[in-house]
Amino acid sequence: MAPPSEVGTDTLLPDLPKGPLQAYRARASFCWQELALFLEGEDVLRLKKAIFSALENDPLFARPHGEDLSLEKYRELNFLRCKRVMEYNLLPVESIVANPLLVQTLITCLGMYDWSLAIKLHLHMLIFASAIYSSGSERHLKYLPKIFNMEIFGCFAVTELSHGSNAKAIRTTAHYDPTTEEFIIHSPDFEAAKFWIGNMGKTATHAVVFAQLYTPGGQCHGLHAFMVQIRNPKTLLPMPGVMVGDMGKKLGLNGMDNGFAMFHKVRVPRQDLLNRTGDVTPEGTYVTPFKDDRQRFGATLGTLSIGRVVIMGMSTANLKLAVSIALRFSATRCQFGPSDVEEVPVLEYQMQQWRLLPYLAAAYALDHFSKSLFLDLAELQQGLMGADQSTRQAELGREIHALASAGKPLASWITQRGIQECREACGGHGYLAVNRLGDLRNDNDPNCTYEGDNNVLLQQTSTYLLRLLARHVHGGARFESPLKTVDFLEAYPDILGQRFTCPSVNSCLDSSVPLAAYEWLVCYLLRESYQKFNQEKRSGSNDFEARNNSQVYYCRPLALAFLELTVVRKFHEYTHQRSVPPPLRAVLGRLSALYALWSLSQHTALLYQGGYFAGEQAGKMIQSAILDLCSQLKDDAVALVDVIAPPDFVLDSPIGRADGELYKNLWTAVLLESKVLERPSWWLEFSVNKPRVGSLKSKL
């Protein structure tokens, strides 16, 4: 099925409707269409237009306003919508090869409409299919056409009831039987049940199942992935030996059918082992191209990095939606003023600017970083497909793993806090479900947990940095990496000797100032974490205890500060490059500086503790610079929102509509939701059967 309409270049960015927001749009220092084209490029804008038009013009995607869907109905509708999106073929394979970013664009655009739909498609098309393509070999390519025409529907089954973050301890087993050339997939008990698996609850017919591989003689070769059929594609009934079910209602994302499965001696052909990292011969001999088991394990779970990078984009999209709603509301909601006669938009208040504009800047900075990292990941995947076993390829994999392991926590936590701030900044109207901020909050919340608990993931990043320092201290190894995110550490001793020297607030209004402060902060936290770990070891702690006792005030902030520095640096370099059109340089520079200073300000205590800041003026200067940048960006806020906000049908928030008719839109939505002319359905029964006062007294 083709998308409903072809899109011409002249219709990619149509003018927005006139209305109360026009006053702010007229004051903007730049053209929002020019900024959108610079940030996205024509290919991405064209795909966005095609996706949004397809959704809005297809009755299957009509919003069920005023109607609460049952859990069963919502999941049925979500599956049908996923199938329709696949039929539209919005993203042909050749387009993905030419521009990998289009994949992330598809997922985030669908998510802006409904994250249950986006995640369902993401798990089937990207995670499930990618696992088969990247972890399998030529013999598994037969599954790909069936995936893309939805002849089979997939899920990715790692997590178990009793094990999530500790993937090495997963207890599902796969014993090889050489007499039949089959693996026997088995769950030893209910605690080994696959659990929380997206798509497994109702719709998945096949799963990539992770299990401990055993060869004859009882030797375990660690975690490996297997292609396992769990349901009959024609009847959706479980296959023999498979117990599979749905986990029920969650806090959010209830169009997604998360499920569980147990396997009782389920036999799968030897060829259904995804064998890129390890294989078993017909006779039962295990073979692997990896000499180091840790390296093989990392390659086996490489698909998780894809998920974490995509979650960064998903979280950032949620932040875009929230700030779009809150800032359009703030530009049209008038309260108080210099006189009793005149009321002003709440966006004019410094407090509202300080609450919202840093999150707008964060949305832009995180968006650029997540796209950049997605492209780096695509390069890594291409190397894996080409069997690149160079040192650079291995280093690139480790670096991306470290960046994704801290990037998901940073993006999901900023968005979590940002949505809450936006909800509160919209007052009581923000609490109304129809304005969507509550759904955004609930749907974003699992981003902090799945594909790795945020606090656990941060340990991966700090471990990466500490190993680099240990290699430098003990062997003189250079600090360098393929993406150059750690190269600044070559000047580690000199950076630690630097101090904050800005002479005025004006000199702080460029992101180069917080960039230098962040380099010092990361070096300081790296030194402190390294010393803390070694101090624990000298005190008699083993490695496990030493790591555990070094997390809270050392390794955790180290990982976050390193990732914040990386985001700040990437966005600073992007906004200061020569190719930025002159009319856009000022606003992009302010966004870069605001995000960097606001993010850095959350580490003020550490900057004083370590001696980088001295005297009260340093802290006050950063605060003043943040407020100055908020004031400078205030008139550009609505136009900046216009760049990132989807069409009204997708945004689906009366107080965030592009025309700015705040009260008219909200009143209409409330009347539609409340069915104002109808009395409660329970009233008739109550009024007919209500007890008389006298009969109550007699009973008392």
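A Cβ is built for glycine as well, from the same backbone N, Cα and C atoms used for every other residue.
Annotation for Glu451 (active site, proton acceptor): same-chain Cβ neighbours under 8 Å, separated by at least 6 residues, are Leu304, Gly307, Arg308, Ile311, Lys408. Among the features that TrEMBL reports, active site, proton acceptor is placed at Glu451.
For Thr159, Gly198, the entry in TrEMBL reads FAD binding site.
Summarising the annotation, TrEMBL assigns domain 'Acyl-CoA oxidase/dehydrogenase middle' to 155-264. Sorting each residue of the domain 'Acyl-CoA oxidase/dehydrogenase middle' (155-264) by its DSSP state yields 6 helix, 51 strand, 53 coil.
TrEMBL lists 302-466 with the feature domain 'Acyl-CoA oxidase C-alpha1'.
Feature annotation from TrEMBL assigns domain 'Acyl-CoA oxidase C-terminal' to 512-686.
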(message) Among all protein chains shown, how many Cβ atoms are found within 10 Å of the Cβ of Gly198 (FAD binding site), not counting that one?
(response) 25
